[in-house]
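Undergrad: Marked as region 'Disordered' by TrEMBL: 1-31. The transmembrane segment annotation in TrEMBL covers 75-95, 107-125, 145-162, 174-193, 256-274, 301-325, 345-364, 376-397, 409-429, 436-456, 537-555.
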Amino acid sequence: MELSDSVTHKNGRQRRPAVPQGDMRDGDRVLNTTPDMDMEVEGEALHQGYDAEDNGHPRVRPGIRGELGNVSLLLFLYVLQGIPLGLAGSIPLILQGKNVSYKDQAFFSFVFWPFSLKLLWAPLVDALYLTRFGRRKSWLVPTQYLLGLFMLYLSVTVDTLLKSDEGRGPDVVTLTAVFFMLAFLAATQDIAVDGWALTMLSRENVGYASTCNSVGQTAGYFLGNVLFLALESADFCNKYLRAEPKETGIVTLSEFLFFWGVVFLVSTTLVAVLKKENARGQHGRKKVREETQSVMETYKLLISIIKMPAVFTFCSLLLTAKIGFSAADAVTGLKLVEAGVPKEQLALLAVPMVPLQILLPLIISKYTAGPRPLDVFYKAFPFRLLIGLGYAVLVWWTPSLKQEGGFPLYYYTIVLFSYTLHQVTLSTLSHLCCLYYYTIVLFSYALHQVALYSMYVACMAFHAKVSDPVIGGTYMTLLNTVTNLGGNWPSTLALWMVDPLTSKECQGAVGQSCGSSEEAGLCVKEGGVCVTSLDGYYVESVVCVLIGLTWWVWLGKRMRRLQDQSPAAWRCRIGQ
C-alpha cells in the first residue's frame, strides 16, 4: 500500500520515512550548486567546524542558545512547507469516498511529482535573485505569498470542486491543477529554505538545519493530513471529541484551508519585514559564505554526471527498481477505503509508527555503514514484494470483517504490522473480538515499514558513498531525485491501469454491460447493478510482484556489482 503514500504522503513521501511522510524524510534534498558544500548540512557542520579566528581573536562557541530564534524560524518554515503536502495527501482519500475512477486518481497523483523534479529548476532559484532583498528571501517571500493566496482561493472553491452530483463527479482536473501548483510552490520554498539554512545558522550550528527539516516537514504533514482527516471526520469527532453527535466534523476542508492561507500571508509578511538576510549572527559570529555557479554551469555539471557509465547504469536501475511495489504502494490504501475502512483510521495509523520511523534508520545504518550498503537493499527487496501480495490478501479479506460498528481492532493491527515488515507474515487471527482487527492492520503496517526503511537507508548510504565530494550537493541531489522519480512514475501508472484491468458485468438488466461509466449508468437505469467479476488491483498485484522478482533476479545482482566499481568510476571529470 505504501500507507505513507496514500495516508501520510510521502512522499510522497511521499512524506519520507519521517523518512516520510516524510515522507516528508526528505530523500529528495535541495540542489546545492556550491561545489564545496555537501548536500547534507550535517556534513557542513562536520567539515567546516568553526573559524579559528574572528578579527584576530579566538572563536568562542556559545552553542545553540544564541541562535534559538533562527532555529525556531527554520522549524516554522519547514512546518509551513509540510501543510500543503499533507493536504494534497488527504485528497485521494476524500476522492475515493466519492467513487471517482482510478484514472482520476492517477491523474491527481501528478500532484506529488514536483518534489521529485525540483532539480530541474533548483539552479534558477539558486542563481537568480534580488541582491538588496536577499538571495533566499527573493524566492521564499513570493512563493509563500502565492501558497497563501492559492489556499484562500481553494477555501472558497474546494467544496464546489469536490461536489458530486448525479452524472457529475468531482472536478479532478481543476483540483489537480491547483494542488500541483501548491506542491510546486512548496518544492520551490524547500529549495530556498534549504539554501537559507546554510547561511542563517553559524557553522558550528548548521547541523541543526537537517533536524529542523525532518521534524518540521513531518509535523506539517501530520497537521495537514492526519490531524485534518481526524477533525474533518464526523464519526471520529462524535466518537472521541463530542458529547453530542453532529453531522459534520469539527473543521471542514474549506475552513482548514482558509486558516492556513491566513497564516501563510501573515507569517510571510513578518519574515519579509523583520528578518534580515546576510546579517551577522549574535556575538559577531560569522555565517557560512555562499558561492554561486551560473545556471548553465550547473546544468552542464548535471549532464556530465549523468553521462558517466556507472552513474547512468545506477540511475537506470533506480528508475525501474520500484515497479514491483507500485500496486501495493499506490492502490492498497485506496482499496481499503473503497472496502469501507474509514480514511481517518488509516491516517491515524501513522501515529504509532513515529517511534519506529525514528529508530529504524538508526538500527539499519549499522548494516549499511560498510563498503557494501546495497546488500541490505538486495536482501530486503523480496520481503517487500511478498508483503505486497499480503496487502492484496488483506484487501480481499477486509469486506468480510466489516461489522456494524466498523472494523475490529485486530484488523488495523495487521495492516500496521505489514506496513512495518514492508518499512521485516502473520497467520490470520480468528474472530476473537473487535480488538484484534485493528491489531492485524497495525501489524501489517509495521512490517511494511521495516522493508521500506531497509531499502531506503541502504540506498541513501550508497549515494553518500559514491558521490564525488567535490560536487557533493549536485551529485547527491541528482541521485535522490532519480530515486524519488523511480517511485512516482510506477505509482501513477499503477493507478491508471486499475480500471482497464477490471472486469464488470451488469446483473439484473438483460443486454446491458458495465464497460464504461456511460454503460454502467444505463445498467442502473434499467434496474441492474454492476458487479465486479475481476478486480484489476489483484491482477496488478500479481503482475507487479512477478516483474519485481524478475528485476531482483536479473538486475538486482547487477546493482550489487556496482559496489565493486572503483572510486574513480564515480568521479566527475569536469570539463571533459
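Glycine residues also receive a Cβ, built from the backbone N, Cα and C atoms like all the rest.
Caution: TrEMBL annotation is automatic and unverified by curators.
What's the neighbourhood like for each of these?
TA: Residues 5-12, 14-15, 21, 24, 104-105, 108-109, 111-112, 115, 140, 144, 147, 151, 162, 170, 172, 175, 179, 182-183, 185-186, 189-190, 193, 212-213, 215-226, 228-229, 253, 256-257, 260, 263-264, 267, 271, 333-334, 337, 343, 346-347 of the same chain lie 6 or more positions beyond the ends of the transmembrane segment (75-95) yet place their CB under 8 Å from a CB of it.
Listed as Cβ neighbours of the transmembrane segment (174-193) (distance under 8 Å, sequence separation of 6 or more from its ends, same chain) are residues 26, 30-31, 74, 77-78, 80-81, 84-85, 87-88, 91, 95, 107-108, 110-115, 117-118, 121-122, 125-126, 136-137, 139-140, 143-144, 146-147, 150-151, 153-154, 157-158, 161-162.
Within its own chain, the transmembrane segment (301-325) has Cβ neighbours under 8 Å at 2, 119, 293, 381, 384-385, 388, 459, 466, 468, 471, 474-475, 478-479, 482-483, 485-487, 489-490, 544-545, 547-549, 551-552, 555, 558-559, 562, 565, 569-570, 572-574, 576, counting only residues six or more beyond its boundaries.
When Cβ-Cβ distances below 8 Å are used as the criterion, the transmembrane segment (537-555) is approached by residues 317, 320-321, 323-328, 331-332, 335, 378, 381-382, 385-386, 388-389, 391-392, 395-396, 494, 497-498, 501-502 of the same chain, each at least six residues removed from its ends.
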